[in-house]
Amino acid sequence: MSARTPLPTVNERDTENHTSVDGYTETHIPPTKSSSRQNIPRCRNSITSATDEQPHIGNYRLQKTIGKGNFAKVKLARHVLTGREVAVKIIDKTQLNPTSLQKLFREVRIMKILNHPNIVKLFEVIETEKTLYLVMEYASGGEVFDYLVAHGRMKEKEARAKFRQIVSAVQYCHQKCIVHRDLKAENLLLDADMNIKIADFGFSNEFTVGNKLDTFCGSPPYAAPELFQGKKYDGPEVDVWSLGVILYTLVSGSLPFDGQNLKELRERVLRGKYRVPFYMSTDCENLLKKLLVLNPIKRGSLEQIMKDRWMNVGHEEEELKPYSEPELDLNDAKRIDIMVTMGFARDEINDALVSQKYDEVMATYILLGRKPPEFEGGESLSSGNLCQRSRPSSDLNNSTLQSPAHLKVQRSISANQKQRRFSDHAGPSIPPAVSYTKRPQANSVESEQKEEWDKDTARRLGSTTVGSKSEVTASPLVGPDRKKSSAGPSNNVYSGGSMTRRNTYVCERSTDRYAALQNGRDSSLTEMSASSMSSTGSTVASAGPSARPRHQKSMSTSGHPIKVTLPTIKDGSEAYRPGTAQRVPAASPSAHSISASTPDRTRFPRGSSSRSTFHGEQLRERRSAAYSGPPASPSHDTAALAHARRGTSTGIISKITSKFVRRDPSEGEASGRTDTARGSSGEPKDKEEGKEAKPRSLRFTWSMKTTSSMDPNDMVREIRKVLDANTCDYEQRERFLLFCVHGDARQDSLVQWEMEVCKLPRLSLNGVRFKRISGTSIAFKNIASKIANELKL
């Protein structure tokens, strides 16, 4: 037998299909036009004209960038006609090869036919010669992955509520003959009411009974054993296995199968053995035995899983059943009347809805039926009759039908408070007297956007690329869950920051699959410090107080990298029951403990090359281009990466550091030194006059790390003092908001984050919000914890 080719180390910025080492090649974005009305004159009222200086795409006013990759970026936007917030994914088609484009349009086609309350909704598709814009649902709760990092495992009642929604949505996809193939905690998002939204259909495909699929898709810890064996599969059964891993992760806060390299992980998956923690109920254990079955033929179907006892505890009168999609409500008179006042013709509205065009007309109709945005404290409602407060309605659906999975969902913030979402309600909900903005002229993407893209280039050190997997998710803070926080669940069993983000494999040919998955003898993941493209979520993102661009990750630390790891369950006092048979021996704990109180963990680092996204020929190309000889040591990997990036890294670093002021820690605040950008008080000069300014109030308080009754201005000064003491660069962008940088990009240890002083709702307390912008979670956790602990508030 010939020797297997070692797994190559792949740059984090490599896309799944073709690679640009230098990152995103910027192209000018031409003026966009609505796909349905190009020359209709539209008028603006005073509100839209006041914001004309902001860039627009179609009817969407672009706001901040919430994620980016080499060939795409995602921006938070507001629909100027309705005031609803959306996420706009902007994809540079000129950077994609034909295969990538084909998969991108397959993803769009699949999303158009999905209409489930627990699946991210596509609103509008705008296409120009060089650019594709996907307007999608914006979720404000972030990823389930980051929720678990911040809070630890869920109680089974909470996990059940989430898992019922997940199963309902996945079974709905299977009804439509669609298999997701990349189900994992990173691709499960939370909306404003903490309900599940399944994202990232970049690896999904349509399946036909009797026709086998053969592409390896998914993150290895979530991948079914038949994928590791290179066998062909029908489709749904690989999703069922992934759901078993997800359920285990929700309930235990760790992965059932993990390893220090792919070979070890593969062996554990093929054994099918996992440890059952003592706190897991027998019913939950029995459900896992139906999901995590090695033989795909004997693996339970989702229809059977829906009837499982654990799934329906507390829901005995409303057993989970397959989702019955209501008929589309295409004749909501109130919404149509409002659209007519905006300048749409009734025939145009009817044609767009009947034909399902996903143009500006259909998007406006859908958005009018969605839940209006909720304003945070301090933001004036007078910033628009762009939106209204009304009883939620159900998008296009005019039916009281709903899946039982959507009922009795407990808010994670308040475990006893029952929440309903807009999609659970039916019927029109828009008061006819409400004033909406008329349609503005279709504006081009203004120069501000281009400038921002150029400015954001400085952060591409940690960004990942986007091909057909171009959707980016922003999420809540990943970091330690401080006990001082005034809100948060009480079921934490380990400190935050212990979970590891999983990237995604794709191998389309058996030779690639075996080379990538069966090899692993020497490719210990602890030896690979180069990061790769993440299998990303949807373009939905977290709301302001808890948002973090998911794609913006730095390379892992070279030399002696400290890895973020999942916790192993302690032996000793904790009793375990075997999973399906014998226990899997516990993996050796990481040599780098996160803290003294952190449990032992198995190492499976974020962004290692063995978590890369591979596609057929590109795997072989990368072997020859990025790898030669035996597996490299950390220093070898880093040297290769540094050589590949040397042409751009220096300029990028200088751009980053030139924006910040680094002070000698010995000088501190007592030196009285000020720079040209700041007044004597240390506040930005243009902010000094607004002494009456107050911190904004947060809705989600679980991103708070420290609370205090101190004056917010004094808190900002204390934060700056601690940042100076830790040699952190920072820029005070707003009165209570600091953009911070720490580490050396040339050593792949650069971390960027925001610190903001915010007010806690209904309490006379202020808190410090940490939001990671880029860098590995362990590097961020280390510096954020150090700063939080040194703050004297």
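Please read every residue number as a count from 1 along the shown chain.
Cβ from N, Cα, C; glycine included.
Features of the protein shown, as given by Swiss-Prot:
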- ILE66, GLY67, LYS68, GLY69, ASN70, PHE71, ALA72, LYS73, VAL74, LYS89: ATP binding site (BINDING)
- 523-547: compositional bias 'Low complexity' (COMPBIAS)
- 585-599: compositional bias 'Low complexity' (COMPBIAS)
- 60-311: domain 'Protein kinase' (DOMAIN)
- 329-370: domain 'UBA' (DOMAIN)
- 744-793: domain 'KA1' (DOMAIN)
- SER219: phosphoserine (MOD_RES)
- SER382: phosphoserine (MOD_RES)
- SER390: phosphoserine (MOD_RES)
- SER393: phosphoserine (MOD_RES)
- SER403: phosphoserine (MOD_RES)
- SER423: phosphoserine (MOD_RES)
- SER444: phosphoserine (MOD_RES)
- SER475: phosphoserine (MOD_RES)
- SER588: phosphoserine (MOD_RES)
- SER666: phosphoserine (MOD_RES)
- 1-40: region 'Disordered' (REGION)
- 377-499: region 'Disordered' (REGION)
- 517-697: region 'Disordered' (REGION)
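With respect to their backbone Cα atoms, ILE66 (ATP binding site) and SER219 (phosphoserine) stand 23 Å from each other. Under the three-state DSSP scheme, ALA72 (ATP binding site) falls in the strand class. LYS68 (ATP binding site) sits 21 Å from SER219 (phosphoserine), taking the CA atoms of both as reference points. For the domain 'KA1' (744-793), residue counts in helix, strand and coil come to 17 helix, 18 strand, 15 coil, using DSSP. Other C-beta atoms found within 10 angstroms of the C-beta of LYS68 (ATP binding site) number 27, with every protein chain shown included.
Within the model, the domain 'KA1' (744-793) shows a mean pLDDT value of 81, rounded to a whole number. In the domain 'UBA' (329-370), the DSSP tally of helix, strand and coil residues is 28 helix, 0 strand, 14 coil. Using a 10 Å radius centred on the Cβ of ALA72 (ATP binding site) and all shown protein chains, the other Cβ atoms total 30.
The sparsest Cβ neighbourhood within 10 Å, among the listed binding-site residues (ILE66, VAL74), is found at ILE66.
Other Cβ atoms within 10 Å of the Cβ of ASN70 (ATP binding site) number 28 in total over all chains.
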